[in-house]
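Pasting in a structure now, in structure tokens, and then I'll have a few things to ask.
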């Protein structure tokens, strides 16, 4: 007979793997959106649809928790601005001038960036492996952006799309630190829902100020994917994985996002993988893995 505990374990490991692949495909979808819909339109449509889909399941609970939510409103507003509006909105703009492969590799540095942000905002010092891993990730990023030679950055600089994605990733690293630091006494789904609504409101002015893209047969599938899978299904899988496996093992699956992105982008978009993608991306991913080694990356300062 099959050991039910072993089956449960394999099921648990499938959750973060599926979430990582959903996010990898989303990088490719982000790049695919460039030619069929404006950045402000897909960012706005995506979160409006996600909010509509989530409303029947959480609206009653959100209303019951309205006092707790009101007490944390400004924190939720900051999180909605960072995670829903700034990170996602800038990613769509960045995709206009960089590749899906680069989007995936730069996004993979969020855990390493989180370590740096955590040092600044909390009374923590990184472990030696976190410091070495962070520096290794930065070197890998320099190799990638310098097309194989970090010294090239002095001449060619950082591309607009790559620079925007770095800022977006830094915003998400700040989001990650703040959501952990504040530890609000609110159900995660209620928190996500309010953040989505705030993200919609923050993106509304940009959406109205630019000429909205009409929904067509070419861009509707991209909007549906963005609203359903990376916005709702993947977060559920990730939260469930955190519950079953813990943060240490779950976080390692993030390293699969850039690998999946590169392979999918090569297959669907015809993006070419150059040696600097393999070397720079490989070093960056190795650095992130090292920074996460043995789970906890920090020790409390007494």
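Every residue gets a Cβ built from N, Cα and C, even glycine.
Note that TrEMBL annotation is computational and uncurated.
Taken from TrEMBL, the feature transmembrane segment covers 12-32, 44-63, 75-95, 101-121, 128-146, 158-179, 191-210, 222-239, 251-269, 275-293. Look at TrEMBL and you will find 13-145, 161-290 tagged as domain 'EamA'.
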Per the definition of 3+ C-beta pairs under 8 A with sequence separation of 6 or more, do the transmembrane segment (75-95) and the transmembrane segment (191-210) touch?
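As far as Cβ distances go (cut-off 8 Å, pairs 6 or more apart), the transmembrane segment (75-95) and the transmembrane segment (191-210) touch.
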Hey, does the transmembrane segment (222-239) touch the transmembrane segment (12-32), meaning at least 3 C-beta pairs closer than 8 angstroms, sequence gap 6 or more?
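Between the transmembrane segment (12-32) and the transmembrane segment (222-239), contact is present.
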Write out how many residues of the domain 'EamA' (161-290) are helix, how many strand and how many coil, based on DSSP.
108 helix, 0 strand, 22 coil
In the same chain, who gets a Cβ under 8 Å from the transmembrane segment (101-121) while lying at least 6 residues past its ends?
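Hits for the transmembrane segment (101-121): 24, 27, 30-31, 91, 94-95, 130, 133-134, 137-138, 141, 144, 161-162, 165-166, 169-170, 172-174, 176-178, 181, 251, 254-255, 257-258, 260-262, 265-266, 271, 273, 277, 280-281, 284-285, 287-288, 291-292, 297-298.
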Kindly state the mean pLDDT of the domain 'EamA' (13-145) in the predicted structure.
88
Which numbers of helix, strand and coil residues does DSSP report for the domain 'EamA' (13-145)?
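When I sort the residues of the domain 'EamA' (13-145) into the three classes, I find 115 helix, 3 strand, 15 coil.
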